[in-house]
């Protein structure tokens, strides 16, 4: 039997099975619940009132540092993108002008495609081969982290370096991407590192902020970092706080609001200060953020309340086009998971998209006959004359031959008549396809700006058509300016894709410097969310689900009250006695088939192995530290122990606790005993086994638990509820469905 070429190709394209009914076991949870053991209580008793005040001051200092460093990174990204993109567009522009008259424009096309592919190739190689978690915007990963899921490498220094480098290459490479999502991820990584006062990657400990080395504190600072990233991207401090509240954080408190706002303000100020120096205007705010939408101040007087009704046609297309975007990207992502999973294939796909983007843009500019006069006050950065008459430029080039941020600004602010309807219609269709194809590539990239650009194009198109319809009326000049319709359309399209409402309203208002359009923007965003949710989830939620992450939403699935803790819990449970033999502890921790991270501590069990009464809960990380320091009863009684263990020893080992295989325990030490009373949490949260799933879910989710012990009527341990036990239940088309757990 001889194989055909088709059979050979098919055999090489080995499909990775992807099933939405699976929940990955590779994700662990974070410990957001403090262990109130004896060490914790003793430390709290020793701390004075002034000590607590100093801790609060340090929190504010850390938030200030987060904002400052995030602003610096944003400044670096902005300057690098401007310089690289400027070099690329200048080189291509000169080449086009050279060959327009003498023929041979194909050389210009090859140059443009080659430069795009080269930039994207470098960025894709860095992401695919060195840090895959740096791909995409990073918002779904940060959202999962703040929900309590431990995503490997998500807040590492290496991830930050690859993220920053990757997004510079992606934007300079002309892809239909933005830099706002990566800025949010970058801010979160900065926050995670600064708040710990050390870098585990660089093996450098500055011996500061040691008190904050635990998941609970780090979570709050990561929320501040995400908000600082939004603030740097859009120049929207309040919007950053609301983004972190609405879209990011799963846990919130009032004091956190002010600290996060402080970090956001510092981030915006730092970015503006250094950019003003770079542009040669010290002390002058050169732009409100990375994405300078420009101010709509001059348009305030042209807005009248009646105009809100004219925005009605935007209410539904935003949600429907957003849903269409998400559906196509959903199936495309599944295809990538199945077939394009090797790093070399991922790099080749990214280069292909970069080359196609340049080719399509060149073809559209080449065949466009939309010529506009180039006035003295023109703001075009790289105007292309091509086949237009002297003193004119190609309008299609304004949309394509530019960074996406500048294209958005031109659609918002260029005067009426700068684009003809055919140009905007074709651009909307083509850029929509390119943006759908681009999001999900193995490059660092965001979706905010492409979404805004698509919406601004069809929004301005509607404004032009409205102006044409009312051309005979004297009021047409008052309420048919296409720029403001581009703004509403941009908000509608972005809202339909990511389903943000309040935070996006404030971001758009702050970024444009005009509160006048806040009301219609809010109406459009609310409608876009309602319409979009009818068809499919938001883009970030889709990608979280496709990664099989055990994400816990705000509430348990409806119609789940009939399920009880007994049916949901994991059992039997591995328990330890108050005083346990070291050999058994080592064997349990070394068992790769279970790999448990929390163990109930029970009163001494009987020989018939009946469940013991709950006395406390101890974590794998705590046991690892105890074994590392040889905290055995025999060593303490024989005065071999150098000193008493403190919380500092546990914080020093955080967050990368050593694996059990790296800890040597001799045969004699295996027979020693370990007293867990001082280190276990003596008051773990428990629920009776008859508790309904929604009540278990509410307790687990609201308190940020990692383990919830299930007990019988005599307070004996019968099971343990973890994140995966709750996340596997969801509402499907046929009612309540249960996902299967798998090592995906």
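Just so it is clear, glycine is given a Cβ too, placed from its N, Cα and C backbone atoms.
Now, the feature entries from TrEMBL:
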- 680-738: domain 'CBS' (DOMAIN)
- 60-81: transmembrane segment (TRANSMEM)
- 109-130: transmembrane segment (TRANSMEM)
- 160-178: transmembrane segment (TRANSMEM)
- 221-244: transmembrane segment (TRANSMEM)
- 256-278: transmembrane segment (TRANSMEM)
- 314-335: transmembrane segment (TRANSMEM)
- 347-367: transmembrane segment (TRANSMEM)
- 424-449: transmembrane segment (TRANSMEM)
- 485-509: transmembrane segment (TRANSMEM)
- 516-536: transmembrane segment (TRANSMEM)
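Against the transmembrane segment (314-335), the recorded stretches 60-81, 109-130, 256-278, 424-449, 516-536 differ in Cβ pairs under 8 Å, and the greatest number is found for 516-536. Contacts between the transmembrane segment (256-278) and the transmembrane segment (60-81): present, as 3 or more C-beta pairs lie under 8 angstroms, all at sequence separation of six or more. Under the criterion of 3 or more C-beta pairs below 8 Å, with sequence separation of 6 or more, the transmembrane segment (60-81) and the transmembrane segment (160-178) qualify as touching. When Cβ distances are compared across the two stretches, the transmembrane segment (160-178) makes contact with the transmembrane segment (109-130), since 3 or more pairs at least 6 residues apart fall below 8 angstroms. Highest Cβ contact count with the transmembrane segment (109-130) among the listed stretches 221-244, 347-367, 424-449, 485-509, 516-536 falls to 347-367 (criterion: pairs under 8 Å). Look at the domain 'CBS' (680-738): DSSP puts its residues at 16 helix, 23 strand, 20 coil. Contact count against the transmembrane segment (516-536) (Cβ pairs under 8 Å) is highest for 485-509, out of 221-244, 347-367, 424-449, 485-509. Here the transmembrane segment (347-367) lies next to the transmembrane segment (424-449) in space: the count of CB pairs under 8 Å, restricted to residues six or more apart, reaches at least 3. Taking the domain 'CBS' (680-738) as a whole, pLDDT averages 90 in the prediction. With a threshold of 8 Å between CB atoms, the same-chain residues lying at least 6 positions outside the transmembrane segment (485-509) that come near it are 230, 234, 236, 238-240, 242-243, 245-247, 296, 311, 314-315, 317-323, 325-326, 408, 411-412, 447-448, 451-460, 462-463, 466, 515, 517-518, 520-522, 524-526, 528-529, 531-533, 537-541. Non-local neighbours of the transmembrane segment (424-449) in the same chain are 120, 123-124, 127-128, 132, 134-139, 162-167, 169-171, 175-183, 233, 291, 321, 325, 328-329, 332-333, 336, 343, 346-347, 349-350, 353, 356-357, 360, 364, 396, 399-400, 404-405, 408, 457-458, 460-461, 464, 494, 497-498, 539, 543; each lies 6+ residues outside the stretch with a CB under 8 Å from one of its CB atoms.
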